């Protein structure tokens, strides 16, 4: 094979012949797809068990599993004939189809509940195809056990992080929902009801933000007939987390064109993800916009790997380049940092492979146009972040904010890949001159560029981590393809000759076991206790009657065979959040597009419903799906300004205001009817204000 092939010698991406290679690739894809679907199914079962006794949209969890199955198994329905009979092209096409199927959930905004039929048909046909293709390749019992183990791990890890999860709907009603989930649910609700993104804190002003995932959750909510808080609570553990792990495995398989045993990709991919989890902060599981961006990125990395090679044909190369450019605004819509770094890696690979040829200029102009278009829609301005200082640049900002060693863990895997490729190249000069390691070079460039915001403090916000961490996932996706079976055997053979081998293995086993025990030790039980005690407070102590939360749940299991009884559901129905929803939605005309809710400062019950000051901006919108007017917390609370409120200026806090002044402001915001919400428990105290000219 040509020594200049990036991935030929570098990644052992051998060109399998015709349909035989495509069939073998499909078989391995099917095994990984069944694994990922199994993980999603087991997590969904865990979520269902954890919600025994709670009211849930009946279609939500099944639909989430169908989406995963359709995304992973659906691509196998594309026959390996004609242009796609060549494994080189099939290894690019199947991941793209998987990403497209996942993002098709957005169409739920148009399709409504009929979208369930689409995903159901694709999922069932795809599962049938996957089971037929994978038959005999791996024992299904073993695959099921592996899926169950990973599902248990992900269920615990995601819920330990304390963001969107199985209790999000109830936490929302009780004023316990975390800021991020409340913020994202508000945007998704506005998209669902008004068709455009906005935080709607003071009218329906446009939002400049990576709102791609919010359209996805809005589409899911419409199809499942669920509130956005419930959709986030279900889809983050059931769809996003399993797909992130599975996409990492599929990336290695597709970038390598499936030349190694499927167990290699499964074992290597899972090991890398588990190691990353033990070292890093794991925000990629609960920042759903970043999670979805990484899923799509991992499914598109085989496209970049194909562009880094020289054994393709002009048609597939052109198609890959077009797909890579189209992916720029798509990735930016999910997470701007991922889209920027994808553009950087695409530009580097193109320049290094073709030099300053006309092809490079065309692709470069396409990248420039795509990133500028994406910036106009999705990139927030610097004023949307709270600055830590007045300095333009803060050297080593991220290390100052987070001085722990784990803050640099994102660079570990790229460094390992670089050292491996340098060793195989023989020297740094040979590595650079040979141009046979373009993917490794691209990952190195992504690591350097991604570290710059974190090291310079631009912006001075924790969001710089979402630049720093991207290179880790590039490396996780490519390392299983880069490391060969001979590499592993050589490492083990050399290590076994050392007298320190057995002691080192014992220490390693202990460390791994300790990390796993720590990871799978549930720490989310206090959140359950807080929720039940909060509901007890709503009933004046009539729910628990002095019992502990665990005693209550045991008693309910004995009497009702559920974790939460009818008394808990009654407490939720009488909660402040539930009464707020009823008060707003039962108002005549609340469905009008020019309807908004104004909560005066005197309604202290509302303004103190969510105890954390910063969390109060999005409560009304996230719960009711209606626009707020002057929806910022009153100045008397001294709440910090929430992120992404720049379009509203500095004066959007609730204030004592006359009807005439309120109507004047409403008309400026395009609002014609305002509900003045004085008391959710006593509708007589509330007033409707008509502000039409």
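Cβ coordinates are placed from backbone N, Cα and C, and glycine is handled just like the others.
TrEMBL entries are annotated by machine, without manual review.
Per TrEMBL, the features are as follows:
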type	residues	note
TRANSMEM	29-53	transmembrane segment
TRANSMEM	59-79	transmembrane segment
TRANSMEM	91-110	transmembrane segment
TRANSMEM	116-134	transmembrane segment
TRANSMEM	141-166	transmembrane segment
TRANSMEM	233-255	transmembrane segment
TRANSMEM	291-309	transmembrane segment
TRANSMEM	321-349	transmembrane segment
TRANSMEM	361-379	transmembrane segment
TRANSMEM	442-458	transmembrane segment
TRANSMEM	464-483	transmembrane segment
TRANSMEM	504-525	transmembrane segment
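Scored on C-beta pairs under 8 angstroms, the neighbour of the transmembrane segment (233-255) with the top count among 29-53, 116-134, 291-309, 321-349, 464-483 is 29-53.
Note: the stretches the transmembrane segment (504-525) and the transmembrane segment (361-379) are not in contact (fewer than 3 CB pairs below 8 A, sequence gap of 6 or more). With a cut-off of 8 Å on Cβ pairs spaced 6 or more residues apart, the transmembrane segment (442-458) and the transmembrane segment (464-483) reach 3 or more such pairs and are scored as touching. With a cut-off of 8 Å on Cβ pairs spaced 6 or more residues apart, the transmembrane segment (464-483) and the transmembrane segment (321-349) reach 3 or more such pairs and are scored as touching.
Residues 208-212, 321, 325-326, 328-329, 332-333, 336, 339-340, 343, 346-347, 350-351 of the same chain lie 6+ residues outside the transmembrane segment (361-379) yet bring a C-beta within less than 8 angstroms of a C-beta in it. Within the chain carrying the transmembrane segment (291-309), a Cβ under 8 angstroms from the stretch's Cβ atoms is held by residues 5-8, 11, 13, 88, 91-92, 95-96, 98-99, 102-103, 210, 212-213, 216, 236, 240-241, 243-244, 247-248, 250-251, 254-255, 284-285, 316-317, 320-321, 323-324, 327, 330-331, 334-335, 338-339, 342, 345-346, 349-350, 353, 438-439, 442, 470, 473-474, 476-478, 481, all 6 or more beyond its ends. Listed as Cβ neighbours of the transmembrane segment (321-349) (distance under 8 Å, sequence separation of 6 or more from its ends, same chain) are residues 92, 96, 103, 210-213, 289-290, 292-294, 296-297, 300, 303-304, 307-308, 363-364, 366-367, 370-371, 373-375, 377-380, 438-439, 441-443, 445-446, 449-450, 453, 463, 466-467, 470-471, 474.
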